[in-house]
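Below: the structure, in structure tokens.
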Amino acid sequence: MAKIIGIDLGTTNSCVAVMEGSTPKVIENAEGARTTPSIVAFTEDGERLVGQPAKRQSVTNPERTFFAVKRLIGRRYDDPTVEKDKHLVPYSIVRADNGDAWVEADGKKYSPSQISAFVLQKMKETAESFLGEKVEKAVITVPAYFNDAQRQATKDAGRIAGLEVLRIINEPTAAALAYGLDKKSAGTIAVYDLGGGTFDVSVLEIGDGVFEVKSTNGDTFLGGEDFDMRLVTYLADEFKKEQGIDLRNDKLALQRLKEAAEKAKIELSSATQTEINLPFITADATGPKHLTLKLTRAKFEALVDDLIQRTVEPCRLALKDAGLTAGQIDEVVLVGGMTRMPKVQEVVKQFFGKEPHKGVNPDEVVAIGAAVQAGVLQGDVKDVLLLDVTPLSLGIETLGGVFTRLIDRNTTIPTKKSQTFSTAEDGQTAVTIRVFQGEREMAADNKMLGQFDLMGIPPAPRGVPQVEVTFDIDANGIVQVSAKDKGTGKEQQIRIQASGGLNDADIEKMVKDAEAHAAEDKKRRALVEAKNHAEALVHSTEKAVAEHGDKVGAVEKGAIEAALADLKSTLEGDDVEAITAKTNTLAQASLKLGEAMYAAQQPGAEGAAKPADDVVDAEFTEVDDDKKKSA
């Protein structure tokens with residue numbers, strides 16, 4: 001049975017793990033790293049780079065390098081949070097035909113699901129290379145506070161990458177699974193997850209293999225990227241004060257600032273001061289300009305203090321929803337790279353009144369939890385039951401634009417709930433069901449997930465027809481809504497397709513694009529391998545001709561030199577078959593030279609050392625020490 005893998009699709013980094021028997025294992029990628037940057041880039045000639053290779057060239061190719069795209073997934077272009085990000089990233093965020101936020105490079109638009117799919121493909125290949133078999137099924141994690149549109153978009157990304165997503169699991173829940181798998185004692189834990197782009201806090205009760213989420217809260221636009229951007233803004237402001245040049249208008253400089261900010265942030269977790277040194281960051285009429293600045297940990301903490309404080313309110317709400325006090329939490333588990341920051345740990349300690357647990361790897365624990373859930377689905381992991389919750393209330397718009405809740409936040413999923421509504425006007429023959437997700441009292445202030453019409457209601461006075469609306473949330477947190485006229489039995493149901501989002505045709509096209517890209521990547525790899533093999537042969541043959549060319553006849557030497565010249569000129573092109581054919585020709589032609597070189601090394605060959613006259617051929621037998629003594 002093919003393995004089901006667990007993938008942590010992160011804002012900054014992604015990670016893949018698999019169960020080996022009853023033990024989860026994080027898989028190293030082709031570069032030998034256990035996490036892969038969630039970065040996708042396109043080179044000038046259209047080659048696609050994913051992970052570390054994409055990150056390495058980001059400074060010289062900022063407009064075609066996409067990072068932190070998870071923050072855009074399932075979001076509308078006119079979302080205020082997208083508006084804020086547009087001016088802080090060097091790549092273009094554009095409006096898609098359906099009103100969603102997409103990204104663009106060289107005139108080609110990509111949906112965030114598509115970019116995420118390229119990262120997922122890399123994780124899939126990493127797992128396949130380790131397992132030695134095809135991988136087609138996965139469990140993928142999402143921030144607990146993701147809404148339906150964001151969950152659906154993540155599932156779409158999996159489909160585009162050629163993966164059947166068996167389960168979407170919340171990141172803090174996955175972390176709790178990994179943390180609690182080998183724990184024997186029962187208890188209540190809080191998972192504080194501050195990652196690259198999102199913040200979640202979940203309260204869980206663990207005991208006897210049951211992981212029950214009591215509540216969850218968070219902010220899907222708060223994470224390490226915001227800390228980086230705060231530092232980028234500070235550096236740009238300081239440079240402008242000193243030099244009068246705004247580096248934010250220069251995409252190349254902006255990318256260098258971003259890289260320096262990330263590096264400084266990481267260094268300040270262990271050091272109390274760091275130096276940011278960016279020579280030749282820009283130039284004006286007076287010549288090149290350099291940015292040099294000392295940054296203390298205290299200054300950095302002051303710059304981002306409000307961001308850290310923003311995590312406190314979700315923690316308070318999560319405890320309130322769970323009906324618990326901070327003192328009733330047995331353990332606080334830190335997840336996400338940003339929890340390495342001493343100030344973050346200090347704030348967590350102050351709020352919960354206890355030292356946070358640092359025994360899990362914050363970068364890998366979510367992928368490990370996803371692998372455990374994959375093991376549960378596969379039947380490899382027994383006696384584990386996961387009870388998650390829906391993060392946001394779900395309901396419909398009723399008369400006067402009021403948001404009427406059908407399912408409250410933190411309801412255990414899967415769940416199903418029905419409620420009966422009626423018409424607002426006399427003789428009304430159709431109703432429009434508008435579905436929303438959120439916590440505000442007016443529907444317009446919440447996130448609209450979609451709408452559909454129930455037609456063919458028999459005309460009747462207002463308030464008489466009875467329309468039963470049913471919400472069904474599956475274990476992935478994805479919503480299905482149906483409406484039924486009780487009088488006629490007519491029913492209309494939809495799996496929520498956000499007013500934006502990708503339809504099946506879009507996804508199918510993107511799947512084909514991804515397959516085409518995979519085919520192109522294979523061709524490129526074949527070309528690189530053919531060229532490497534050819535160049536190695538050219539080098540070794542030239543060396544052999546220089547050292548041993550006199551050992552073959554003029555005809556053979558001429559044939560080798562002709563084949564060499566032929567292969568060298570073919571190497572200037574990109575025809576794999578031609579390069580392979582010419583490589584074989586050269587290999588064949590240089591066989592005679594190899595034979596001559598080998599013959600020259602043999603005893604009796606010309607130039608080989610002759611044995612001395614007094615050397616006698618003899619047979620040797622082993623004699624043990626006792627016989628030696630008696631001899």
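Even glycines carry a Cβ here, placed using N, Cα and C.
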If I go by Swiss-Prot, the feature region 'Disordered' sits on one of 415-445, 601-631. Which?
601-631
Across all the protein chains here, work out how many other Cβ atoms are within 10 Å of the Cβ of Thr198 (phosphothreonine).
27
When DSSP is mapped onto helix/strand/coil, what comes out for Thr198 (phosphothreonine)?
coil
